[in-house]
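Asks: Here's a structure for you.
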């Protein structure tokens, strides 16, 4: 191409010229494979529905965040975070977590036509195809390899309001990732509709017009988004003809970063990189159709046009309702509402309910100038704030407990009651025999009115309480009358059946004799003799019965001068004082026999089937053969029987079965129908099931579009109330649906849009347009206002486009169009090349109403009419490129030059340097070019900074008055190439630049915010950290720094990023250390900063040393005295913790004395084995630090002896025996000494120590220390000298091994040593035990144990003193305070050594 023609082509591209792709689309064969045969799932055929949450096998990065699940929505989008049922697309950006990938967001209705398929794919064929596509469309990522693909396909779907014959669309979304980068590919096969017919979308019957589909990406934060060109405009019908990757109908994007990046051309074929034609922040997208380079501008919201150069007038659609005034802004509008209206578009009339908040679902109802809350069932109060307690009326019966619910209650019934109010059921009467009323081994039998006791031989009575008397048991000297009878003749003063009762002494029965045969009468504690002799008295005498002379319940009958006693049955005598036993009172007749007395005898009349004196002999039982079936009860008659059948059965032997309906199998009032061997239940309304056991449940009713539903349940009689959205009214009289007895809901209502135009509100022949919850008047020319009541200036609406000027006329206007535009509104761009103005073969290029002739070589001029080339003389020299135009030339200067003919040198800035480096920014500075002339030439500086991998690039312009700049929004830990150019701005929008001043720097990596200490000992600290896969992706090394105590020099260690833990050893015990972490990025030794800010220091204390040389100096039956070395100089301890452990429990004692070097443990049990441990406690500002415990094992002495055992650490057990002196010890000889003592020795006391290894040490009091050696033959005896000084002698005796022939094996001996792993056998009284080496446990030391560290919390007690005044004396009160301290605990894990050895041998 010739030079002039090349520049013309570039100029044409800058003006927005250049061919778009021809009508094409991606064939279905070029889609990623889909369909049920490929294993795809299909979304439900539901309006505005979707797939529900689909968990992902790998996280998917999107806008800088990772997502583990997604939703495939029927309306053409894939959403994260939550499902999106919005069917009318909303302009991006959108907040409220609307995180979406939109291939074609519109009102899809797959119920009418089409399917929505989706699947997650990781097979090799899909991954290979995705890898090839991404490497082709993003050549800067040649090493990309896909590991996961998700495919969603909307196949032949139609729009809401369409039918099976309406136009259909097919498009596809493909998500691809390798775990780090993520991409989206959109494939469009046919796009025949863009809009649904719902009123909010505004589409026509063909699915066109109104608010068209939205395509692009939205981060959900209200800020970040990306639109595919044509979104929400009629151009979406042509989306299958556009592309950014050279394939019409296919778009590819990278979407893992904070901003969407488009795929496309290389640097050599990119129009966007050369011209940058998009204005007002628009995103330039190369179309990259092979052989025809072109571009498309993705405009920010609020701008439109080929180059995003036109500001969208949001007021043109008259969004403000009810007379509101619209004010236009950039990508926005605002409405100034008239009085009585409110809302973003003045759509809502102000109501008293605007400031009334009804709680708990209450609905506000305006009444004149006030507002009232209509509460939901179960709530009351002015704002429905009070929950009604439905349990206050005690609705639950039969002991049921009531649970208050919202608008209802529930009864929890006790068995056997049930029902909504526990009203159904009855108590089961317990058997009277459950209390075992029969005594003395009697058998209880249930009866109709109670129970009957069958008594064993020798007992009788209702509960077998009375014993049958076979012999005479008369008491108090009574005499038995007759054989085998119970009649006793009692001596004077006693009465009763067995003469068991003593007659009470009274004044009249103590041998008192009245003269003349008079009778005695008690009177006032004395007696009175009533004589037979007549006496004349004038006053009344007391009655003879006043003294109550009759005993034992006898009744007194008074006569004139005497009385008689009428005795009760069983007594006789004048005063009823003599007992006559009732022979039948003892119940001698058994088995229901009737007792009758005859004189001094009784006779038993026996019932059927019994005989004998006492009816004790049974007759044959006719019921013994069990003739009654089905649980019938057999009753005896004289020679006969009768069956008492259970309910439902009949017949002589209860052999006839009841009807299937007998037991009332139908529940809840159902009517039972007998079907012979089966039954059928006719249920009451509201119940269903074979036995009417289930309530009718209609399920969840379907939603009604444009309506809000309130539901009080799904059982029969439940009601679903529907409230139409504003602007809609019910199509039927009822606004509710009722759950019917058949288990289905009644017919739903429909919300039909209200036609507010029926009242003809528009004046002056204005036409009314119905809106949702309102209307809009389209006024006739010359009128305006809410109701077209005002005459208007037609030019106020700015009807003239493309810079045309408006002239107002009565009821009309005229647009005076600028050159290049025609039409009523100057809307049509004139094809300036239609008249072929270019001469001499010049090529005409149209642009914005004007034309440009690209002249062949040798011609120039506006129409190529001049045959001369102003550039022939090379006016620009070698410093620029010459371009001829209209007989003149212009120079495009090369880098480093400027001026009309590029004669001035444009010098770069000097002394470029980095001032400060942060995680997301870099501050740089420079010096202006040297020389006054060089400084005056430039207009400013261009600062270009790009990441070293080429993933991002930005250029900022800096005024020439400044010499520093802050680069922002950089990625942490990345290397950036920074170039600063001197810039000279020209009038033709072509800028001249100098050579760059460049440098390479790297931002700081992100620090490690969280790291932890995993283990602490007396001389080591272990720390652990974690690097985030994305946030620390640029970190190459980690520096761990430690500041030692009393040292100002920080010691550091650097480790590779693969290392996540480090242990510092050789530390001092009980000291504080400060640990810091710093991340490093970039190669080592780089000259620019590569390290992050240091993390906050973590102060850690090492543990103090455990007490050293812990020993037991004295062990008794109930105590043990321990001693240990003082702590290391320079370490100040606060306390010690003494733990006493047995096989059953552990007791801990806190001793608040850090200088303690000994302690006596008391209250021990004799002859028991104990583990004693001592832990040192050091106090720090972080709390208390505990050392590892020092252990000591002891065995206390038995009470009848003073033997003691202990062992220290891993040493063998020792046993200390204190032996009393023998009664007489005249002489003690040692085997290796000579001579005899001069004087008889006194009885010495000695102690011997058995250490469990067949060695004995003995200590003698009052003897010199001499060694004893065991020899095969004894040597000459050596006498021991007896001295008065308390000197001691030690004898070390080597005991023979247990396998000696003369060793007797006892149950507690160690003759058979079963201790494993080096354990030492310790003999005992009844059995031996094993003293295990450290690291082993078990009865035979068969378990290998290790301590595993883990973080834990410890509860420590601390004794503090508080000064208290009492009177004039100050003293201290000690109080124990408990603290919780974070610590590292050790959990012991044991494993059998035999099992461990077996595993090692198997490996």
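Every residue, even glycine, has its Cβ placed from backbone N, Cα and C.
Residues or ranges marked as signal peptide in Swiss-Prot (evidence: sequence analysis): 1-24. Per Swiss-Prot, domain 'NIDO' is recorded for 103-258, and the stated evidence type is sequence analysis. Residues or ranges marked as domain 'EGF-like 1' in Swiss-Prot (evidence: sequence analysis): 268-309. The N-linked glycosylation site feature in Swiss-Prot is assigned to 292, 408, 484, 536, 712, 886, 977, 1015, 1109, 1139, 1298; the stated evidence is sequence analysis. Summarising the annotation, Swiss-Prot assigns domain 'EGF-like 2' to 311-347. Residues or ranges marked as disulfide bond by Swiss-Prot on the basis of sequence analysis: 315-326, 320-335, 413-422, 455-464, 698-739, 724-751, 779-788, 838-853, 876-891, 893-902, 1315-1330, 1332-1341 (among others). What Swiss-Prot lists as domain 'EGF-like 3' is 349-385. Taken from Swiss-Prot, the feature domain 'EGF-like 4' covers 387-423, and the record attributes it to sequence analysis. Residues or ranges marked as domain 'EGF-like 5' in Swiss-Prot: 429-465. What Swiss-Prot lists as domain 'EGF-like 9' is 619-655, and the listing cites sequence analysis. The domain 'EGF-like 10' annotation in Swiss-Prot covers 657-693, and the record cites sequence analysis as its basis. Residues or ranges marked as domain 'Sushi' by Swiss-Prot: 696-753. Marked as domain 'EGF-like 11' by Swiss-Prot on the basis of sequence analysis: 753-789. What Swiss-Prot records for 829-865 is domain 'EGF-like 13', and it gives sequence analysis as the kind of evidence. The annotation domain 'Fibronectin type-III 3' is assigned in Swiss-Prot to 1106-1200. The feature region 'Disordered' is assigned by Swiss-Prot to 1295-1314. Positions annotated as compositional bias 'Polar residues' by Swiss-Prot: 1305-1314.
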Asks: Return the count of C-beta atoms lying within 10 angstroms of the C-beta of residue 893 (disulfide bond), excluding that atom itself.
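Replies: A count of 24.
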Asks: Going along the chain, which residues at least six beyond the ends of the domain 'EGF-like 4' (387-423) come within the CB cut-off of under 8 Å?
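Replies: The answer is 360, 376-380, 712.
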Asks: May I ask for the distance between residue 751 (disulfide bond) and residue 739 (disulfide bond), taken between their Cα atoms and rounded to an integer number of Å?
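Replies: Cα-Cα, rounded: 20 Å.
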Asks: Checking the contact step here: among the recorded positions 698, 902, 977, 1315, which have a Cα within 10 Å of the Cα of residue 1332 (disulfide bond)?
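Replies: Checking each Cα against residue 1332 (disulfide bond), the hits are 1315.
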Asks: Could you say which of the disulfide-bonded residues 422, 739, 838, 876, 902 has its Cβ with the most other Cβ atoms inside 10 Å?
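Replies: The largest 10 Å Cβ neighbour count belongs to 739.
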Asks: In sequence order, which same-chain residues at least six apart have a C-beta under 8 angstroms from residue 326 (disulfide bond)?
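Replies: Listed in sequence order, they are 314, 315, 318, 319, 320, 333, 334, 335.
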Asks: Tell me the Cβ neighbour count for residue 464 (disulfide bond), meaning other Cβ atoms within 10 Å of its Cβ, over all protein chains shown.
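Replies: That number is 21.
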Asks: Who are the long-range neighbours of the domain 'EGF-like 11' (753-789) in its own chain, taking Cβ under 8 Å and residues 6 or more past its ends?
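Replies: Same-chain contacts beyond the ends: 199-200, 318, 321-323, 347, 706, 725-729, 810-812.
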Asks: Quick check on the domain 'EGF-like 3' (349-385): DSSP residue counts for helix, strand, coil, in that order please.
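Replies: Across the domain 'EGF-like 3' (349-385), DSSP assigns the residues as follows: 4 helix, 13 strand, 20 coil.
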Asks: Based on Cα distances to residue 902 (disulfide bond), point out the closest of the recorded positions 853, 886, 1015, 1315, 1341.
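Replies: Closest candidate to residue 902 (disulfide bond), judged by Cα separation, is 886.
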Asks: Round to a whole number and give the Cα-to-Cα distance in Å for the pair residue 464 (disulfide bond) and residue 413 (disulfide bond).
Replies: 41
Asks: When secondary structure is assigned with DSSP, how many helix, strand and coil residues does the domain 'EGF-like 9' (619-655) contain?
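Replies: Reading the DSSP string over the domain 'EGF-like 9' (619-655) gives 0 helix, 11 strand, 26 coil.
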Asks: So which residues does the domain 'EGF-like 5' (429-465) touch in its own chain, when a touch means Cβ under 8 Å and the partner is 6 or more beyond its ends?
Replies: 586-588, 590, 616
Asks: Given the disulfide-bonded residues 422, 1315, 1330, 1341, state which is nearest to residue 876 (disulfide bond) when distance is taken between Cα atoms.
Replies: 1341
Asks: Quick one: DSSP breakdown of the domain 'EGF-like 13' (829-865) into helix, strand and coil?
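Replies: With helix first, then strand, then coil, the domain 'EGF-like 13' (829-865) has 0 helix, 12 strand, 25 coil.
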Asks: What average pLDDT does the predicted model assign to the domain 'EGF-like 9' (619-655)?
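Replies: When the pLDDT values over the domain 'EGF-like 9' (619-655) are averaged, the result is 78.
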Asks: Tell me the residue counts in helix, strand and coil for the domain 'Fibronectin type-III 3' (1106-1200), as DSSP assigns them.
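Replies: Secondary-structure breakdown of the domain 'Fibronectin type-III 3' (1106-1200): 0 helix, 48 strand, 47 coil.
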Asks: Per DSSP, residue 315 (disulfide bond) is which: helix, strand or coil?
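Replies: In three-state terms, residue 315 (disulfide bond) counts as helix.
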Asks: Using CB atoms and a 10 A radius, I'd like the single residue among the disulfide-bonded residues 315, 335 with the highest neighbour count.
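Replies: Top count of Cβ atoms within 10 Å goes to 335.
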Asks: Would you mind checking how many other C-beta atoms are within 10 angstroms of the C-beta on residue 413 (disulfide bond)?
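Replies: There are 20 such Cβ atoms around residue 413 (disulfide bond).
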